[in-house]
């Protein structure tokens, strides 16, 4: 038994990761191909690849492609007009030149256009009116640069949320470890508070006459007395006396933030203050059950589920989800605002390897989930390892790609097609999306 143990130790393969500038591939190379995170294995020639932060030079072969093509990647992408996807397809899922266009669940092809009747043609490029974005913050690149300089940001290494329920996993593991969440749920009385508001609103409706809606100068308004209008009164658009005019509410300035959860279906949601990055208090609302990928997470405390959103992100998400729903696309949230204590839980799991499968986690205070701007959505198309994501068959992703930036959302983590951040109206698409 003693000698058997020694032999097993001697012959067990040792898998190690590689540091900066060290070789990670090439013809005849027998060593490890795994680079230390966040390095990637970049190809210089058929004979040599090394771990780098980015492709080092234009004379390296990696510079001829839009992204890193690791040693574990397919030898080549699909050529123009060849198949590149579909259920059961085992060939290349990225194209050398053209995008991979989905024809159906079963077939995708590398081609420059999207023919009529194909799945890709069913996703509309929405026309968004300016008035639909009135409540949303505007993108300010200078402000973003200042934030990036002030705060160090890191990303988690979690799998596609469609493949694992982090909330259920945490509940199970904490129960097995005998851990109990002792923090008070700040939303424990939220439903009662919202119910009281709803009852009061119904009573007011019975005792008041609903004001007629109107439209003036391309904007929607309400017919009311000029003396009670807090915006701009426009005559000639309402019936009745001369002082009853179309009242157009004042639009918020580009850099102002909506007050409370004052937008769409979150207009009267209970607002609570919860600490996130930098121990800063953020005003958040509970994500509605119908907006959650797992509605069962609604009843969990924010320390056990990322089931809250900052009020500004909630306002923007409500608009984007409503627009997508009209196109037959259902966008759901798997993870939203993350409390500092929950990020600490994930970090401890990463350090101890006792929970959350030991997945890489951002250090507490460095994840954008803790700033209230990041949402993990139900794109359900896995990680991205190429120049383009393998998301041709995901209606949610295709709709987001065409329309999310119009509502101020953009991708910021190349490897995670599900990770979208609200940066403000006017933000551009990510180059790798």
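Including glycine, each Cβ sits where the backbone N, Cα and C put it.
Quick look at what TrEMBL annotates:
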type: COMPBIAS; residues: 132-157; note: compositional bias 'Acidic residues'
type: COMPBIAS; residues: 182-197; note: compositional bias 'Acidic residues'
type: DOMAIN; residues: 16-52; note: domain 'CBM1'
type: DOMAIN; residues: 76-111; note: domain 'CBM1'
type: REGION; residues: 132-164; note: region 'Disordered'
type: REGION; residues: 182-202; note: region 'Disordered'
type: SIGNAL; residues: 1-19; note: signal peptide
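Here the domain 'CBM1' (16-52) has, by DSSP, the following mix of helix, strand and coil residues: 0 helix, 16 strand, 21 coil. Summarised as a single figure, the pLDDT of the domain 'CBM1' (76-111) averages 78. Counting residue by residue with DSSP, the domain 'CBM1' (76-111) contains 0 helix, 11 strand, 25 coil.
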